[in-house]
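K.L.:
Structure below; questions to follow.
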Amino acid sequence: MESVRTLWLSVALALAVGSRVVRGHPQPCRVPTRAGASVRLAALLPRAPAARARVLAALATPAPRLPHNLSLELVAVASPTRDPASLARGLCQVLAPPGVVASIAFPEARPELRLLQFLAAATETPVVSVLRREVRTALGAPTPFHLQLDWASPLETILDVLVSLVRAHAWEDIALVLCRVRDPGSLVTLWTNHASQAPKFVLDLSRLDSRNDSLRAGLALLGALEGGGTPVPAAVLLGCSTARAHEVLEAAPPGPQWLLGTPLPAEALPTTGLPPGVLALGETEQHSLEAVVHDMVELVAQALSSMALVHPERALLPAVVNCDDLKTGGSEATGRTLARFLGNTSFQGRTGAVWVTGSSQVHVSRHFKVWSLRRDPLGAPAWATVGSWQDGQLDFQPGAAALRVPSPSGTQARPKLRVVTLVEHPFVFTRESDEDGQCPAGQLCLDPGTNDSARLDALFAALVNGSVPRTLRRCCYGYCIDLLERLAEDLAFDFELYIVGDGKYGALRDGRWTGLVGDLLAGRAHMAVTSFSINSARSQVVDFTSPFFSTSLGIMVRTRDTASPIGAFMWPLHWSMWVGVFAALHLTALFLTLYEWRSPYGLTPRGRNRGTVFSYSSALNLCYAILFGRTVSSKTPKCPTGRFLMNLWAIFCLLVLSSYTANLAAVMVGDKTFEELSGIHDPKLHHPSQGFRFGTVWESSAEAYIKASFPEMHAHMRRHSAPTTPHGVAMLTSDPPKLNAFIMDKSLLDYEVSIDADCKLLTVGKPFAIEGYGIGLPQNSPLTSNLSEFISRYKSSGFIDLLHDKWYKMVPCGKRVFAVTETLQMGVYHFSGLFVLLCLGLGSALLTSLGEHVFYRLVLPRIRRGNKLQYWLHTSQKIHRALNTGPPEGQQERAEQERSGPKDELPATDGAGRWRRVRRAVERERRVRFLLEPGEAGGDRPWLCSNGPGLQAELRELELRIEAARERLRSALLRRGELRALLGDGTRLRPLRLLHAAPAES
């Protein structure tokens, strides 16, 4: 048999090595690859139908995968009877199929537990038993093949909690008071082992009856002595039901401090008839059977995974267990190896941390609360949470009556509180943590996104070893975080911070409180620090400190920019100013023309006598160019008076244009309007019109106030409310806006207004519903008075004012200094009037063009035919040239024909004896009538149009005079060129056509 097995293993190893070489399989070379290979975990189901159904449901979940392509198969077996023989046969049937490596059992009696331990040791197959507390019994020496897990809190864990309380109070001598314990001697021994000290008294009350004086007489040993002292400082009550514990505490004499050793739920703890200061403990949440079964399957899977990595051949080749032949080497090797790995396995499961001690005792995470019977503010007895115990660590709340556990150095350990908060600017901000998951500034806080207590406990436990994902780590800072840090420093406590899972302040929904209030009531947090409004509904279920911030409710609206009208671009100046500007422009142009034509140095024929003249149209062009700041080719006046007037007009235009542009931006944006609301009693809120929407934050103090005071208003606004304040502000500022008004705490609204970059938000109306922000704590918390006292000190010392200045000292929106790069953005609708004006200008240009053609084709020929209005040089040089030079364009063709025909002859006289006009002889000569000098114009010789003889002589005389004028002009032009060359003038000389044409004509 052994040789066959060895040969088979050799073949398998060879195949594995070949597979690794050929395919690069990542498995070790000695591990055979068998597709679909599986190992089996058997489950011996409980007899109760309800428990059996729950176990089957837990086993139906997919089993975890194992290394080396292994799978874990779950096999469930139910035994019809629970006698020892049937149970033994059932377990042997469970272990008979091949591949079964371990089993899970649910013993319901002590004989079953003993039988399971015997069979596990005999078959060397690990068995994990899930026990109830009453099934526990002494089984002799523990065996590594039988692991036990207590579903409920085991007695050892309860004793650990009690011993931690005794040591925290520094009680050296205590008394054990037992109500109904099966083996008092074993219990006392167990206490002595845990406390390292035997109790001073042990009172067994199982035979004493409360209906007579026997119970009171038995407890008299614990009463105060004659000297005023007590025999023991504390007494621990164990094994008592709620009713029996009430009877014992009512009959107990005054003196010792009582501890209820049996965990009880909070609602089962009595409050009347008990001595003050009684300490009780209770498990916060008992683990479900499904979670326990899941973790036990995970325990076996974790051990199998570890074994498969170290000894893959034992995990892959488990042998069949035969109860008739228990000497099988393969089974012995696999079972012992798996038992050794089970004893060293620990992981984080659904029940929390899971670990094994002593190779046979399985532990899961336990969490207990410690309560103390106190007096509430009205004097009534009430239970208050004073501490908590988890996985061997006892933590007291600050201000609790219990003493702290002394540290080795003699200093007192700082307790740790769990604080819940809610992000609300500026009281609490959040940002991402750094690459290492730490916060250089602010406090590290978790954002779990859930309100599950087990999940929170697991996350904070993982935070200690740094295994929390970075996505859940946040850095919290703000007004309330600074206040919390100061309180922690003055009250000497540490804290761990997390953000509320549902993001709500808290309201009563379907009989349960949500948000911050729900976390305080469920014991998930010791205090709530944020902008937590104090109101009557919340004060009935949780406690608040004195307010550290006073505020009220307010209404925030958004300003709207009205559209600018078409003529908005003219609004910077009054209509009278526009009329005055254009009237001054035309009047200035007129005076410029008059000064230029009356000056001996003006650009006119009488003045400088050049080819161009300064007319009224030139003056208008110049004045418009100066007014609108455009650079065009325009004629400028040459006389000093005209230039002075031109500069004066430029100064006038500069001042007017500067004033216009300074007011243009504000006018073009348009007016800012907003919803005018006088307050919460405004008719717009109580009788909203169609389309008017307003809301608040869900489950906030503002919603609670409106719901209680104005139910109809709340019915209208609840469908428009937002989950948080930033969401509500975003709905108000969206485009188009989803809200017309937003109601919330005025302190939060004022901050949103101060940081609004667009200056679109403002608060309106009178404040209402004066309230304050306080720190929330569970009812009857001993921290309330201490925190309130320190908050009052902070107000008196000015620390609260410093916090307000730090987080609220913002630049008001109306006085904000804009950056240089920040510009006013205006759309097309702002300049709609200018576009309309441009379109009108295009239409007017068409009319002007039509008028130009009418003047050129109809008016101009009529003026040419007449003798009046021939001199237009002072008004328009173009019109003057058109009247006194060549023919109109319509006569161009006829002029060309006449130029190609016979030479022009002198006109003859008509029959009336008068000379006809000789315009035809010079109609192609483009000339300008310059004013001649008086001496030259004073001759008495007749002109062309004159009557009389001597025409040939006069013509020759004129030609001589023209030649002389040309010579003088040539000399002048040459001299001007020389002067310009000397002065550095780069202007090129005009072509001297007259100078070049003279020799040709001669």
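Cβ coordinates are placed from backbone N, Cα and C, and glycine is handled just like the others.
Grabbed the feature section from Swiss-Prot, which reads as follows:
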COILED    944-985  coiled coil
DISULFID  C439-C475  disulfide bond
DISULFID  C445-C476  disulfide bond
CARBOHYD  N69  N-linked glycosylation site
CARBOHYD  N212  N-linked glycosylation site
CARBOHYD  N344  N-linked glycosylation site
CARBOHYD  N451  N-linked glycosylation site
CARBOHYD  N465  N-linked glycosylation site
CARBOHYD  N786  N-linked glycosylation site
INTRAMEM  616-627  intramembrane segment
REGION    882-910  region 'Disordered'
REGION    951-984  region 'Involved in the trafficking and surface expression of NMDARs'
K.L.:
Including all protein chains displayed, how many Cβ atoms other than that of N451 (N-linked glycosylation site) lie within 10 Å of its Cβ?
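P.N.:
So the Cβ neighbour count for N451 (N-linked glycosylation site) comes to 19.
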K.L.:
Using a Cβ-Cβ cut-off under 8 angstroms and a sequence gap of six or more, which residues of the chain neighbour C445 (disulfide bond)?
P.N.:
T421, T430, R473, R474, C475, C476, L497, Y498, I499
K.L.:
For C439 (disulfide bond), which of the three DSSP-derived states applies: helix, strand, or coil?
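P.N.:
Assignment for C439 (disulfide bond) reads coil.
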K.L.:
Where does C445 (disulfide bond) sit in DSSP terms: helix, strand, or coil?
P.N.:
strand
K.L.:
When a 10 Å sphere is centred on the Cβ of C439 (disulfide bond), how many other Cβ atoms does it contain?
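P.N.:
C439 (disulfide bond): 18 neighbouring Cβ atoms within 10 Å.
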K.L.:
Out of N344, N465, N786, which of the glycosylation sites is least crowded by other Cβ atoms within 10 Å?
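P.N.:
Each of the glycosylation sites N344, N465, N786 was scored by Cβ atoms within 10 Å; lowest is N465.
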K.L.:
Just checking, which of C475, C476 (disulfide-bonded residues) has the fewest C-beta atoms within 10 Å of its C-beta?
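P.N.:
Minimum Cβ neighbour count within 10 Å, taken over the disulfide-bonded residues C475, C476, occurs at C475.
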K.L.:
Going by Cα-Cα distance, which of the glycosylation sites (N344, N451, N465) sits nearest to C439 (disulfide bond)?
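P.N.:
Closest candidate to C439 (disulfide bond), judged by Cα separation, is N465.
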K.L.:
Sorry to bug you, but what's the C-alpha spacing from N465 (N-linked glycosylation site) to N344 (N-linked glycosylation site), rounded to the closest Å?
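P.N.:
Each residue's Cα considered, N344 (N-linked glycosylation site) and N465 (N-linked glycosylation site) end up 20 Å apart.
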K.L.:
State the three-class DSSP label for C476 (disulfide bond), counting H, G and I as helix, E and B as strand, and everything else as coil.
P.N.:
strand
K.L.:
At the level of the C-alpha atoms, what whole-angstrom distance separates N465 (N-linked glycosylation site) and N451 (N-linked glycosylation site)?
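P.N.:
Counting only the Cα atoms, the answer is 22 Å.
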K.L.:
N786 (N-linked glycosylation site) to N451 (N-linked glycosylation site): how many Å between their Cα atoms?
P.N.:
28
K.L.:
What are the helix, strand and coil residue counts for the region 'Involved in the trafficking and surface expression of NMDARs' (951-984) according to DSSP?
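P.N.:
DSSP classes over the region 'Involved in the trafficking and surface expression of NMDARs' (951-984) add up to 33 helix, 0 strand, 1 coil.
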K.L.:
Which whole-number mean pLDDT does the model give the region 'Involved in the trafficking and surface expression of NMDARs' (951-984)?
P.N.:
85
